[in-house]
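Listed in TrEMBL:
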- B:C48, B:D50, B:H109, B:C112: Zn(2+) binding site (BINDING)
Number of protein chains: 4
Amino acid sequence: MKDHVRPLPSYLIQRYQGWKATTYAENRNWYRRLAEDGQRPRAMVISCCDSRVHVTSIFGADQGEFFIHRNIANLVPPYNPDGDYHGTSAAVEYAVTTLKVAHLIVLGHSQCGGVEGCHAMCTGHAPELEDKTSFVGKWLGILRPGFERVAHLPETERQTALERESVVISLENLMTFPFVKAALDAGDMTIHGLWTDIGEGGLLQYDPASGAFLPV
Amino acid sequence: MKDHVRPLPSYLIQRYQGWKATTYAENRNWYRRLAEDGQRPRAMVISCCDSRVHVTSIFGADQGEFFIHRNIANLVPPYNPDGDYHGTSAAVEYAVTTLKVAHLIVLGHSQCGGVEGCHAMCTGHAPELEDKTSFVGKWLGILRPGFERVAHLPETERQTALERESVVISLENLMTFPFVKAALDAGDMTIHGLWTDIGEGGLLQYDPASGAFLPV
Amino acid sequence: MKDHVRPLPSYLIQRYQGWKATTYAENRNWYRRLAEDGQRPRAMVISCCDSRVHVTSIFGADQGEFFIHRNIANLVPPYNPDGDYHGTSAAVEYAVTTLKVAHLIVLGHSQCGGVEGCHAMCTGHAPELEDKTSFVGKWLGILRPGFERVAHLPETERQTALERESVVISLENLMTFPFVKAALDAGDMTIHGLWTDIGEGGLLQYDPASGAFLPV
Amino acid sequence: MKDHVRPLPSYLIQRYQGWKATTYAENRNWYRRLAEDGQRPRAMVISCCDSRVHVTSIFGADQGEFFIHRNIANLVPPYNPDGDYHGTSAAVEYAVTTLKVAHLIVLGHSQCGGVEGCHAMCTGHAPELEDKTSFVGKWLGILRPGFERVAHLPETERQTALERESVVISLENLMTFPFVKAALDAGDMTIHGLWTDIGEGGLLQYDPASGAFLPV
């Protein structure tokens, strides 16, 4: 490891120093309070790793507001306490049972490369993702049931439809977690499904009554 | 699910509309470019879900710059292609093999509740985390080897030391991924370990030669 | 002072700009009318400083509707024109004699830290509030007669009872102001006592006939 | 009192029920958390009672964010622990010493009736305010030193200048409170002076270096 770990690129160090001298300096007292008193985030957001999705920017959220888990295609696997590592399930468990967040939000987005990969895999165009050793392929398998639901659509409509399925399936899978179900049933938490259009800056929310995504 | 999914709280809708009318409006052309051309992030950051850690803020990173995976305690499990869901490994695989990021950064932080939980578990004070059905406990098990390394320290020093081990162990585990090793060996990517102090706004980086975390 | 006054934290500036581009833009003509013609609020509300009490939200009140005075524990001291500074009395005088509001509303609330402090002080558990230099202790002294009325209750019921006394005592003290009494006697104004439950969103109003607080 | 306290006007009850069914319902879990865990506001705002100034709206602040004191002309009297009731001083003391807010903000505004009254009083046009029994006149006396500073200006410029003095004098008086000074000196709090234009939706901040109010 000694040969590979390097000092941080200087452009990042310079930017960090800019933040330290400005945003940090302006907010130091609040950050110290957060450090001393601990976090008390109001919501958990499950979002994609995609570099174009900035949930804190979209919602003007400052430090301390959102507990954020980010993975490929904002997917939540079904509840499966088999003793293996489940990073997403662990994050949800911590947010719901320890932090007791008031809102649980799944945020999908347009042009999602993960969703595109899932579509390619499900239509036989990405054999490399079907390889047993592909973590990405295996992970995107969570979204396979979504592909079944959009397979009848014209191909041009499938990407967006599947992106929205990535939100709906995550919501459905979240319902299989006993502690999520319990918090929802007790009225201790609300759950929300969103999809944002990167290029147009749009924001739609899942309406379970109609099954559609409607503008907020 | 129909009974539980709710419209987004109005304070978030108002803030979103504020973002749409300002930040989005100012950057619309860039966001459209990002939507049309796809993302091309320079770095992947693996960070904690903690609401007090805003890597984009600290580094002044705008949309498109960082591919960000966030999980509890910024942990990467060892390479283990066993056919199960591995959200973290999938994110790393996608960043390294598809996006071909230039930098891979692991960012730990002070006052980490996950690390605190690991310490409690390893010292026998958190039996609930040792329960087979605890996703959090199982996940924090990735950090157990780190506890062995800090167990000899006075208790007051262990939390910070273990937070830094969460970075070092993730770096070590990343080395076990063949595609990470290959990218590093080929000189196609650099890897970095960071730890930030929430209250003081400090930023230290791992120096493998000394084994210490030094100010950037 | 030069060393201490700082630029506003940027998260607030961003949110302000969001408001300017949305809520302000939508209502500009009304805000301009309010600026040109002056305010003509229908009611004065005396409420607590507590960050969890948003009277404008609870009553859907927009700019121009409520003249709002907020102090610790929504207290009004007795009429005492001794030539000292009386911020609360000045606000009431201005609302009643200059603005001629139609309704004067005192709004108490659950989990009131000020009321809790008064209880601690009256039971001898907060000597620091009895210190001559404690502004908070002196201010909460307005509520001392309320403590006498609830002291016979079991301790678990006293906090809520004392919160309601903070409303009743303010109403009683308001009656000692000649201009308040005159406006009420002339039928030019009505007066109201309310108490809101923060967690449950409840709203009760004081019924002088029974002496109880009843749901609206 | 029995004859004067009335049921709440029905238009307010209707609006409350609207809030209960919408905003409250959407945020119930967060409000419950706030009720159970207590408030932890990031900032205290000292603002005017004026019905046209909605600090929570301007800054998109939801329940729990700002501890708000509102009085006539957003004035803070000088530190004077004489054992009398000082509602403003009590609110500042509570925010700084108990809540330990990170930011202390004084917000003035255009078309301030209190400031206009002070100007009339200082130029001999409001003898009723000079009456010993006028709470408003006495209260506005806090701003008299500000009148001295703007008296040389053309009359058309004095109203705005005096509104800004109401902010500056409050900041100066805040510095006379030992606990405010101590929190500022220790770097535990920052202090800010703002002035908003009601009709234009503008927001300026006090720049102590130049003595001017500059756009944020």
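Any Cβ shown, glycine's included, is placed from N, Cα and C.
Fewest Cβ neighbours within 10 Å among the binding-site residues B:C48, B:C112: this applies to B:C112.
Close to the recorded Zn(2+) site, the chain also has B:S47, B:C49, B:R52, B:V53, B:A73, B:N74, B:G108, B:S110, B:Q111, B:G113, B:G114, B:V115, B:E163, B:I198: residues not among B:C48, B:D50, B:H109, B:C112 whose Cβ is within 8 Å of the site's Cβ mean position. Among the binding-site residues B:C48, B:D50, B:H109, B:C112, none has a Cβ sitting under 8 Å from a Cβ of chain C. Its Cβ taken as reference, B:H109 (Zn(2+) binding site) is surrounded by 23 other Cβ atoms within 10 Å in the chains shown. The Cβ of B:D50 (Zn(2+) binding site) lies under 8 Å from the Cβ of B:H109, B:C112, B:G113, each of which sits 6+ residues away along the same chain. According to DSSP, B:C112 (Zn(2+) binding site) is assigned to coil rather than to any helix or strand. Taken residue by residue with DSSP, B:D50 (Zn(2+) binding site) is part of neither helix nor strand, so it is coil.
Contacting chain A by the Cβ rule (under 8 Å between Cβ atoms), the binding-site residues B:C48, B:H109, B:C112 reduce to an empty set.
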